[in-house]
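Visitor: One structure, as structure tokens, below. Some questions next.
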Amino acid sequence: MQYCEKCKVHVRGLHAGCPLCQGPLTGEGETPNSVFPAHTYQAPRYHLLIRSMIFASIAAIVICATVNILLGGRRWWLFIAAAVACMWVCLYSVIRRRNNIPKNIIWLVFWLSLIAVLWDLFTGRRGWSIDYVIPAICVLAMIAMAAIAIILHLHIEEYMIYVLLDGLFGIVPLLFLTLGWVRVPLPSILCVAASILSLAALLSFQGEALFSELRRRLHL
């Protein structure tokens, strides 16, 4: 420990001069210990999983393309590549919004619906995306939203906007029915009915809270 003759104080640590008078110090100083513990960076565990999935995805595409080229025939490996790309789009959406599950569900409805429509268009435009996939996705999203709200004990303000958006998405099949795009009307009719009931329940039981939240978010 160092000592200042002028101030008559002992100084801990290793200093070039007295912290009080800047005068010379006598004695041997000691190397100060860090107040804060040393930080060692540890990569999150899912980083290794993500890297493994990236490698597996690339390997699957390369293997399928190689087999397709060797055996000849139609370029079916492109469908494998498209499926892998769709998986990564959905996974990216889930990881990016993992702290807001209701918002995550809404984005998944959007991406899965878009992917289904594009996949249908590029595989012959048979209409299965509009007939079955989009209505099923919207209904499942409404069920998932209600289940998550109950399980996680979410406040109504935390998810009511997303329930409203999901209900509006569910009415989209009504447009398909009106335009005559749907070959199998039953799934779309059930989806529209479920959406209307969901919106009616929201307005009936949480109407005041909904409009209050809308005014707050829109700064009205």
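Note: Cβ is positioned from N, Cα and C throughout, glycine not excepted.
Source: prediction; values computed, not measured.
Below are the features I grabbed from TrEMBL:
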type	residues	note
TRANSMEM	48-70	transmembrane segment
TRANSMEM	76-95	transmembrane segment
TRANSMEM	104-122	transmembrane segment
TRANSMEM	134-152	transmembrane segment
TRANSMEM	159-181	transmembrane segment
TRANSMEM	187-211	transmembrane segment
Visitor: Give me the stretch from 104-122, 134-152, 187-211 with the greatest number of Cβ pairs under 8 Å to the transmembrane segment (76-95).
Guide: 104-122
Visitor: Could you tell me what the rest of the chain brings near the transmembrane segment (187-211), counting residues at least six beyond its ends with Cβ under 8 Å?
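Guide: Apart from its flanks, the transmembrane segment (187-211) reaches 130-132, 134-136, 138-139, 142, 156-157, 160, 163-164, 166-171, 173-174, 176-177.
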